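Read the structure below first, then the notes.
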Amino acid sequence: MAHNKRPDTPYSPFWAHMFSVVSGAGGWSPTVTDPEPWLQVDLRDRMEVTAVATQGRYDSSDWVSRYLLLFSDTGQAWKQLRQGDGIGRFVGNVNSEAVAHNKLSQSVRTRFLRFIPVDWSPSGWLGLRVEVYGCAYKSDVADFDGRSSLLYRFNQKSLSTVKDVISLRFKSHQAEGVLLHGEGQRGDYITLELHRGKLALYLKLGEPVYSSSRVAVTVGSLLDDQHWHSVIIERFNKQVNLTVDSHTLHFQTKGEGDSLEVDYELSFGGIPLPGKPGTFLRKNFHGCIENLYYNGINIIDLAKRRKPQIYSVGNVTFSCSWPQLVACTFLSSSSSFMSLPMAVPSAIMEGFSIRFQFRTWNSDGMLFSARLSPEPQKLELQMSSSRLNIKYGKIHKLPSVAGHRVNDGLWHTVNLDTRRLQITLTLDNELASTIEQWEQLETQGSFYFGGCPPAGCQNPNLAFQGCMRLIIINGHPINLSHVQQGLLGNYKELQFDTCNIRDRCLPNLCQHGGRCWQSWNSFSCDCSGTGYSGATCHTSIYESSCEAYKVIGSPSGFYSIDPDGSGPLGSILVYCNMTGEYTRGHYSVTCIVSVTPGPGASVEQLYAMISGSEQCHQEVVYNCRKSRLFNTKDGHPLSWWLDQKGEKRTYWGGFLPGVQQCSCSLEENCVDMNYFCNCDADKDTWATDTGILSYKDHLPVSHMVIGDTNRTDSEAIYQIGPLRCYGDKSMWNAVSFYQESSSLVFPTLQVELASDISFYFKTSAFSGVFLENLGHTDFIRVELSSPAVVTFSFDVGNGPVVVAVKSHLPLNDRQWHYVRAERNVKEASLQVDQLPFRFLDAPADGHYRLHLNSQLFVGGSASERRGFLGCIRTLTINGVTYDLEERATMTAGVTSGCPGYCSGSSSLCHNSGKCIEKSSGYACDCSQSAYGGPTCREEVSMSFDRGSSVTFTFKEPFPTMQNRSSQASSNSRKSSSRAREDVAFSFITSQNPAMLLSVSTFGQQYIAVILARNGSLQIWYHLQMHRSPDMFSPILSNLADGQLHRVRIHREGKDLYIDQDIHRKYTLSSDAELILIRSLTLGRDNFEEEIFQVGSEGFMGCLSSVQFNHVAPLKAALLNRGSSLVTIRGPLVQSNCGALSDSITSHNLRGNTKTSTGQAVKKHEQKVAYTSKTGKVLTVVTRLLTSFKKIFFKNVFKCLDQF
């Protein structure tokens, strides 16, 4: 054993073995003055280490409670060992004698281990005895110098395999290099290479199906770290598993074949040119490979024994002895630095030169600085916005090569030379950038790398956080070991002998296709274009059903719905008919099955929507002339359709799948009652069988098969109507808990990385657990902890975490309240009703997987906490809605449903109005709605003159608004995932230009919605002062046409959705949040910049149902005319223009077609033939054709349309 500083005493590393006792003592203990103590273990040879154990110093108060563990092959370049979840700290001891075992999540093959204490005994000092567990490790190693390779030659011309297993381990300090290559004449190839520090596999079997371009599958990161990495390629036919270390990628190969055909040979370490030994097509691998097996053949062993199958190109040796490059890590972005003296230049040299390599994820930081004469001049080399620049004196600034980003985690080489009256900057292999000087620079004092000490200077920006190596000053290499030992220069917050960089985007913890971005300490997710929001792109930005859109007051129109919420399925574009009626169209379409909701929609998406709806149906129309559906002799079906699973179905109407009859037979109105279908009468005249298929498990219809068309003059035309679903069966799935000891039990939650839990509750109890799921030590729980407080608590291994929301009013008031709790690897959040969100950040380097092993309890607890008394409904976890009513039928003390007027599925209150239980009825609370009236259905409208305006000032308290920005909790941080606005209003005007609505903050941010001079709608967002505002114009036609137009705007971070239409999505230049909103103005406003003139023009016309988040400014103006928070200028008259939407031609933002709401539905569906009186919201999933033509079937013909 070894350590950094300690004489050979009873406290030396010699006595650091487990259970060592000598002279009444035993164990390693460093001196109190040692600033960076560590204990190093030399295993004498490479071993496979599987576990470690520690004790404190014998019979003392000295022990180590937490420590880091580093490993190395040579004792020079070290790498930190991390457990599951990327945890770098190992749990040690709580006393001096107990043994703390730590089994490694993955074994490591190494010779040296280094224990670095982090925390120790609070009542004593560091004391450590250690034991290492493992076994001997032997390997066959080959060393490639970048100009060599091994060729494995086959016994025949080509080798064809349907199954391959290739395994190897490698280490390198270079980010590029070919490890394996083989190809065949028919177009097959396999190439495995390092590219930008990642492993890329190119694999194709046979001729390409579409394109011959080579596409790589990449896995791994930072693989040029001079440490061993394992690779396994497993292929069977087209299915491939590619594993690098602990990360596995499953994929299917390109090409038409199932076998890999390689001609002549496989090459390892490079791709040599035929006939040109030592010449390679791509950059060779430079490093070591061990235990290289190809389909069970030990390639390196054959090479060592000089077998004829192996041909060696260049100098391949069989030991890994190349020197390792020693690096240091700058740990802090505020205080890390290293100062070094300037090496004495030669007599002919004037100025200085420096050279070094660095790698980082940060986009900003100080790399190098030097003080110049005369003071206070300085020369600084900085990273700014991911690029290098030199700052010299006060005016000179020299950028590096444009487009060369340096925060990609790769090693970059920098040369800075101030000799020959020039300042020259060279980055990697790019062209140099130069500043010409009139006189030679004169430096004084030390050179500073990564930052500077507070006494020497002040960092002009962030200090460098990353790794450096190969520092050379005036041609003299710097020995970093001398710096660490205090023999050269000075430093602070540095870690030597290791580059402690880690890729926080591997694996990618952003969900639903979110893009991962990282800095040195954390990562963030870009959710643009995914349809999801939140810190990890977990939460869908769309509602789950048309019923949900209706509840928030949305009118009829096209919407994207996400039936499984935060689940794996994406959104579907549907048409929602909010009027409570639906229509059925009659089309004549030839061989077309059209239930697809949009490009790329899947059966799984449709099934999720169908299963979540109360009812669904689909119309089938069969027009026939001498073409039967059933054989009249034996009843054998001559035509049929296929359901969602591709199974054959022969019924043509109703919801009873076993009845092989048409609707006319079920309704007893067939033209010939001797037959079950009109077409079975086999008349020489045209007849029609029409049926409504409503058995949900079989919908939608995927294919039609038409049979009886092979006779003379037989003809058939069929049409499949759109899929229609209505209702949301989960919205009022409710249960009542009558006993505290009762609970509903469900299977264990599978929510390791992320979970969102939402439900409604009402109760009169003071407290109770809504739900709970336990693990061995982990848990997750949501409860009413007091009459006004809801808490969300969990433990993922970092200790219990509690997020609480406190209401200013009691929550046990027998009214429905909404709760949504979310936990992911970045943060936890809790929402209750419309109260401000509460957020809590997760630790950057803590555990993040939630391990549960017990059942999920709803309404009760397994931890002897008080159960819940009251009602719970609409429980959804990670997009899965739980059927509480079904489970209540088998549970004592719990009943299905919930008593009260506000507990049914009928919408008593509309447009986000809240139903309030009364002793003898109910009332609607419309305070959070832009509408009024007894049921929140009456539009609030006002007529404006050119000089009129309504200004709403955001200042607490006020009964009709909530300023979310000013109410942000103290423990929340700024995040793009929380920047959100919802704006909705209607307007009628004939004036342009016109100012419709504007929102401004104290920080000069603003949102403005205007009509331009040509009458087109423009939406302005100005979120950052140093940037120009964003402007979007979704409709270029003139909207100042005297017609009613509806505008809906929704923002999530950078994503801007207009009219909630998937085709109306825009991207903002910033994801900043509106901070400290000052006011919202309708009509005339004083604005700067481009929209000043429009603001001064004001608005003349009618505004209706204006809503901004939870603020209804028109209603506030009517109800609070005397309030200091509402300012009215000019004439303002209450109007009924909003009601015109039901009686005159109206528009939404989908175009300029002047079609009334009723006409639009008719145009979409062609005919009105059936009306539902259920009152449910209808979801129409369709892409209809507007014409059909006859098809004359002369043979049995399957009209199969890809579903």
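Note: Cβ is positioned from N, Cα and C throughout, glycine not excepted.
For Cys898, the disulfide partner named by TrEMBL among Cys871, Cys924, Cys926, Cys936 is Cys871.
By number of Cβ pairs under 8 Å, the domain 'F5/8 type C' (1-135) is matched best by 733-898 from the list 141-320, 327-499, 501-538, 733-898, 899-937. Sorting the domain 'EGF-like' (899-937) by DSSP state (H, G, I as helix; E, B as strand; all else coil) yields 3 helix, 12 strand, 24 coil. With a cut-off of 8 Å on Cβ pairs spaced 6 or more residues apart, the domain 'Laminin G' (141-320) and the domain 'EGF-like' (501-538) reach 3 or more such pairs and are scored as touching. Its own atom aside, the Cβ of Cys898 (disulfide bond) has 21 Cβ atoms within 10 angstroms in the protein chains shown. Note on the domain 'EGF-like' (899-937): residues 550-553, 727, 731-732, 734, 736, 762, 814-816, 834, 871, 873, 959-960, 984-985, 1105-1107, 1110, 1112, 1114-1115, 1175 of its chain, located 6 or more positions outside it, place their CB under 8 angstroms from a CB of the stretch. The Cβ neighbour count for Cys871 (disulfide bond), using a 10 Å radius and every protein chain shown, is 23. Across the domain 'Laminin G' (141-320), the prediction's mean pLDDT works out to 88.
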